[in-house]
Amino acid sequence: MDKTYQPHAIETSWYNTWESENYFAPQGAGESYTIMIPPPNVTGSLHMGHGFNNAIMDALIRFRRMQGRDTLWQPGTDHAGIATQMLVERQLEAKGQNRHDLGREKFLEKVWEWKDQSGGNISRQIRRLGSSVDWSRERFTMDDGLSEAVKEAFVRLHEDGLIYRGKRLVNWDTKLHTAISDLEVENHDEKGHLWNLRYPLADGAKTAEGQDYLVVATTRPETLLGDAAVAVNPNDERYQALIGKFVELPLVGRRIPIIADDYCDPEFGTGCVKITPAHDFNDYEVGKRHNLPLLNIFDKNAFVLSSAQAFNLDGSVNEQVDTQLPAQYANLDRFVARKQIVADLDAQGLLVSIDDHALKVPKGDRSGTVIEPWLTDQWYVSTKPLAEPAIAAVEDGRIQFVPKQYENMYFSWMRDIQDWCISRQLWWGHRIPAWYDEAGQVYVGRNEEEVRAKHKLGADVVLRQDDDVLDTWFSSGLWTFSTLGWPEQTEFLKKFHSTDVLVTGFDIIFFWVARMIMLTMHLIKNEDGTPQVPFKTVYVHGLVRDGQGQKMSKSKGNVLDPLDIVDGITLDALLEKRTSGMMQPKLAEKIAKQTKAEFPEGIASYGTDALRFTFCSLASTGRDIKFDMGRVEGYRNFCNKIWNAARYVLDKGEDCGQNGEAYELSLADRWIISQLQRTEAEVTRQLEQFRFDLASQALYEFIWNQYCDWYLELSKPVLWDENAPVERARGTRRTLVRVLEVALRLAHPFMPFITEEIWQRIAPLAGIDGKTIMLQPWPVANEARIDAAAEGDIEWLKELMVGLRNIRAEMNIGPGKPLPLFLKNANADDQRRLQENEALLKKLAKVESFTVLGDADEAPLSATALVGDLQVLVPMAGLIDKDAELARLNKEIQRLQGEVQRVGGKLSNTAFVDKAPPAVIEKERAKLAESEQALANFTEQHARIAAL
């Protein structure tokens, strides 16, 4: 083995070997165990959330594969309609083109080119992370098979009355010209205004105070043009007499009713609210309750129409409402119209006041434009009938959430579910399988030929396919079964569905998880007709945040590519990556500045195993992950520790009883074997409970502290003793090898590369013949090998040796200087342990002699260590240079007195305490406490040595 651990020298070659040998594919034996990779968007590269997700899934798959399950971990990518289309449109913009210049067909060719380039990048990253996915079964949400499955699902749901076309309110992105989902809307806290406007009462009506108008508060005066009512709370006594009467809409002159609705808060503004059902989601619900007309006043750009479009709630045209709008606002942008409308209201004496008001402004997460609630014709899935069985599946335990608290989030969403808008006004995506004749009649089918045959439409009937595409979440909602060959009843579908675990972030429980459950249970049935669930367990993890706890996003410029931590990256390359191809290029300068501050030298190379172990160690259930580069560095050191331990073992492993020779186990051998059994049981238990943090912690504790720090040291006296019995030396060598071999198997799901590299060399010494560690059996604890007596003896020894180390450090006694020991309160067990381990203590702790004192015996002035009730005394006389040590201590005491005075003065200065941030003050207080404690310790030592 190389002297130093170089991850890059081993990682790629091992991955290529595993893949070429087909080790990632199902091995054909055992009960199935399936995970479908949540398909990353084919829009560039994987981020830290994907890296975390992959580390968790691969740990599960490698663990279950070693347990003998027939594992399938299937990879793939998502076409990510809106995000991908935007990226390609931006590339065209740079060349002075747009998609309409190219036309739909040529534009889609460009997107496919981008997909091939980007998808290859994602596959490379997944490989580099060591993910043991079955590449022979890689899928893409728009490959031929999945496209057929999407059409099939749409047609079946339509035939079952669960998909319909309707005119409803959607989140409309006025820049991208498409409906977007709630997930793609970000609510920004902004300082805005509340306009208080006079709405004249019609027909001579008056308020209780005798006024002939109502004052209505609004944050969007431009939507006044589409008002359908003014609402008041039914219990608001000020307005009860006016319910059912009318106001005249300012600037427009249209009569609109005064209605009573609990939605109105009497404490907000004047208690009167304008209702614009076609441009506000809450108003739309009020409109439904009161059968109000829907008046659309904007076009797709959010420019004011010359006359409103009036509809009834069922989407039919309302011909009773006056749709005339003032000509001066026609074709004005909504925000330009706002200024004009407010000015006109003011001129007519209808503007009462403008108040400052904090509000949430919805913006498209990709375009950055203010989202407009807009009335359009869209396709919808009727979700309530699908939600009921999906709720029952979680209630009765067929699907379990880990941690369980996320079930409540799931239930609250599902019990208040709204119909799902599945159409998008894009070109990139699954085109909706619906056709229209020239009269506007719609026909749904798998293809045009089927539609013509089913509805007996001759060649003379001109059909036009719907231009819209399906929401990306629709195709990804079919992911667990469409990727296994559905609608064909393939062998893979029969064996590997339902899948076992879905690993996902909490932020898409509703958008993806719930929809997968609903669609799968409706479309996939068992032989007895009962619905299949898509997965048995949903493991929900938190978001991976940056070191400051901020969510990672391209717009914040804090996204890390996991491969940059694996392979390292220069500062210049990191800046280029973070600031190029941005949706909002104006943020580039700010992002460059913060990147230089955080990574002035770029990012060092840590290797895949260190990054994966970091992810697993941070995976406490359900909490957000604050990513810490310091942890990665620490686990890179852990890899070095394992590497160096393996080199020591290989150096000592020439005769370890692999051919059946006699051997004898020392106390230390029995102890480490016993500790190994406990570690095997603990790591297994925690992995089965999805506690990757506790599993990795148990493994780290065993390998670093027990095996490397203690057992390797305890093995040396046996192996270095030329007079030791051959059987005992062989027993220690055998234990060194076999415990390391098992520890490597335990660590393999977390750190696949380093464990494979070392295992290949260790396995033959342990008498194991196998091609790869990944197909070796998972270690199973043997309770018969737990040796409580050996554990007790070694813990006693460790306490004694640590006590002596501390005395050497405190008293500045060199590590090679032999120590005479006096022992007080030594019981029979203590004396037995001393006698049995005398040789070991003399070699490892450099103990010169032991003297057991009786109750009446007086010990010389000594430094003391406690091991239970046993007092271990190290006499100071003769061990230290008294004058030199006193001089050294005086120097330290003076330095600490100065530090205590300096920090104490700072903290007693009111000017400093009043101005400094709390964190700085806390740091200074901690520094003072530390210095005071150190001063007390050194003063005590000085007194003890002076008394010698």
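Our numbering is plain: 1 for the first residue shown, then up by one each step along the chain.
Cβ atoms here come from the backbone N, Cα and C positions, even for glycine.
What Swiss-Prot says about this protein:
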MOTIF     40-50  motif ''HIGH' region'
MOTIF     551-555  motif ''KMSKS' region'
BINDING   LYS554  ATP binding site
COILED    877-947  coiled coil
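Across all of the motif ''KMSKS' region' (551-555), the predicted model scores a mean pLDDT of 74. A coil conformation is recorded for the residue listed as 'ATP binding site' in the three-state DSSP classification, outside any helix or strand.
All chains included, 19 other C-beta atoms sit within 10 angstroms of the C-beta of the residue listed as 'ATP binding site'.
Using DSSP to sort the residues of the motif ''HIGH' region' (40-50) gives these counts of helix, strand and coil: 3 helix, 1 strand, 7 coil.
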